[in-house]
Amino acid sequence: MSAPTMEERKACWGSRDEFWQCLDKHADDASKCEKLRLAFESRCPQQWVKYFDKRRDFLKYKKKLETEGYHPPEAAGKS
Amino acid sequence: MPLRLPHSPTPGLPHAVTHRVTHSLPHGTTNTVPLRLTHSPPPGQPPRRTLWGRAPRERGLPLWQRLLVAGAVAGAAGALWLSLRGQKERERQARRRAELRALAVGQGEFRLRDQEGRPRRKADFRGSWVLLYFGFTHCPDVCPEELGKLSQAVELLEREPGLPPVQPLFITVDPERDDAAALGRYLRDFHPRLLGLTGTPEEVRAAGKAYRVYASPGPRDEDGDYIVDHSVLIYLLGPDGLFLDCYGRGKSAQDIARSVRRHMGSYRPLPRDDDGHDGQ
């Protein structure tokens, strides 16, 4: 299986960006963006879909840190 | 020294000298008078003593001449100190450059093949400035971004007249999939002079180790596809083969070009070694 070409990469990134824009608009409600999700999954290799999903989670977490600050999780039983 | 009568002080002598003094008296008589043991001034006169117990000199060099002599001595001492310090600094620099030369030869070695199948070693790039990136062709976004940045940096430097050319270099961290043909296809989309290197897993691992590259292939899916997690840096190598700088994801193409230009400006070639390799 050969690596995606530049055109294929750009098509994948484009569909990813559309899907993410939809999620941003609907506060991460994936049910509202199903069509774009399918397009995204068809244009990108499976490994890349997983990778970009994780990346989205990370970017959202990073944004949360930047806006809300860091709140360490409550650890029961630890001093 | 004229003979002095016992009761007047003798300048410069800390202790009295006893000796017999004979002086002429009327015919037939002699008189020997021992000198007293202490120098006391004649009555009425204040004691003339310096801090050391000596009587001070009555005349010496004038103040301005004494200052001149002191200044000359201080100046000579200062000049000697500066020259010794300069010599020490030169020796330190020479030692440092010898260390760097040894490092330039031994450090960052690789033995790989390019996308045309030609063998390539680090020594082949001596005399060239090199911007090096480690990545893989199945990379989702980071590698295309970084290679795009690298290509743009090289283009910016090419546009400046008088600068030596920079060799863009790509080394794979995924030797299993990235053979010469795969590299050829992948790198076509970037700078025309971008050279891609691959090899056996051992050769690739050795090259990555030489540059402290972290690379870890992830789990495979049912298609056998996987993503290689790896450290992301663009390395700058000088014409001696010495590692000079590295640029992370936060640096733009302009940042990289500016930094390379600065390194080119301050670059001094390391001294030749015995077998004539001088980085040319």
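Heads up, the Cβ atoms here are built off N, Cα and C, so glycines get one too.
According to TrEMBL, B:Cys139, B:Cys143 bind Cu cation; the candidate from B:His191, B:His230 that the record adds to this site is B:His230. Report note: the Cu cation site is defined by B:Cys139, B:Cys143, B:His230, and the residues of the same chain whose CB lies within 8 Å of the CB centroid of those residues, excluding them, are B:Phe134, B:Gly135, B:Phe136, B:Val142, B:Glu146, B:Val173, B:Val228, B:Val232. According to DSSP, B:Cys139 (Cu cation binding site) sits in a coil region rather than a helix or strand.
Non-local neighbourhood of B:Cys143 (Cu cation binding site): B:Tyr133, B:Gly135, B:Phe136, B:Thr137, each in the same chain, at least six residues away, with C-beta under 8 Å from its C-beta. In terms of local Cβ density within 10 Å, B:Cys139 ranks first among the binding-site residues B:Cys139, B:His230.
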